[in-house]
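A.B. asks: The structure that follows is given in the form of structure tokens.
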Ligand SMILES: O=c1ccn([C@H]2C[C@H](O)[C@@H](COP(=O)(O)OP(=O)(O)OP(=O)(O)O)O2)c(=O)[nH]1
Ligand SMILES: [Mg+2]
């Protein structure tokens, strides 16, 4: 049974006009997040946009920050570190790094939806060092080793 998890969110910006990030449709994978301040990103440049919110993600989960396809298609806007990783122990403002691959200045107004955040389970690994690894069919083949 599909059960959303509770995530505490703190409003850092007290003007009160920024809506909480939310799912735009009932089946959306990501909640859209908005810029808390205006920003202008020239072609070829990057910018850091605050969202005005901080989260306490439960242990065992992360938030991934992903681009919006509409902005990518219409304006050439992407996220260079996609998916951005928001750690469960991070209590600072969720910020979005944007890159303008388009031909025009990208003008962001406060309240514009700039990215989407996806809540995902995450497993930590426990490393144990060994002298030899088990053999597999692939071995060390990669980077196109199986052909096109
Ligand atoms: O798009 C992003 C990526 C990261 N963060 C915040 C939350 C995350 O938990 C923290 C650290 O991110 P990351 O581990 O990707 O960056 P780092 O360069 O390794 O920094 P640090 O040394 O602080 O871990 O920065 C954001 O707000 N937005
Ligand atoms: Mg890190």
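Backbone N, Cα and C define each Cβ position, glycine as well.
All annotation found in TrEMBL is predicted automatically rather than curated by experts.
In case it helps, TrEMBL gives these features for our protein:
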DOMAIN    19-147  domain 'dUTPase-like'
BINDING   68, 69, 70, 81, 85, 86, 87  substrate binding site
A.B. asks: List, in sequence order, the same-chain residues at least six positions removed whose CB sits under 8 Å from that of residue 86 (substrate binding site)?
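C.D. replies: The list for residue 86 (substrate binding site) reads 55, 57, 62, 63, 64, 65, 94, 117, given in order along the sequence.
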A.B. asks: Going by DSSP, is residue 70 (substrate binding site) sitting in a helix, a strand, or coil?
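C.D. replies: Going by the DSSP assignment, residue 70 (substrate binding site) falls within a helical segment, counted as helix.
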A.B. asks: Output the one of 68, 70, 81, 85 that, of all these binding-site residues, has the highest number of other Cβ atoms within 10 Å of its Cβ.
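C.D. replies: Checking each of 68, 70, 81, 85, the winner is 68.
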A.B. asks: I'd like to verify something. Among the binding-site residues 68, 69, 86, which ones have a C-beta closer than 6 angstroms to some atom of ligand 2?
C.D. replies: none
A.B. asks: Around ligand 1, within a Cβ distance of under 6 Å, which of the binding-site residues 69, 85, 86 show up?
C.D. replies: 85, 86
A.B. asks: I'd like the Cβ neighbour count for residue 87 (substrate binding site), meaning other Cβ atoms within 10 Å of its Cβ, all protein chains included.
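C.D. replies: By my count, 11.
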A.B. asks: Tell me the coarse DSSP state (helix, strand, coil) of residue 81 (substrate binding site).
C.D. replies: coil
A.B. asks: With every protein chain in view, how many other Cβ atoms are within 10 Å of the Cβ of residue 69 (substrate binding site)?
C.D. replies: 9
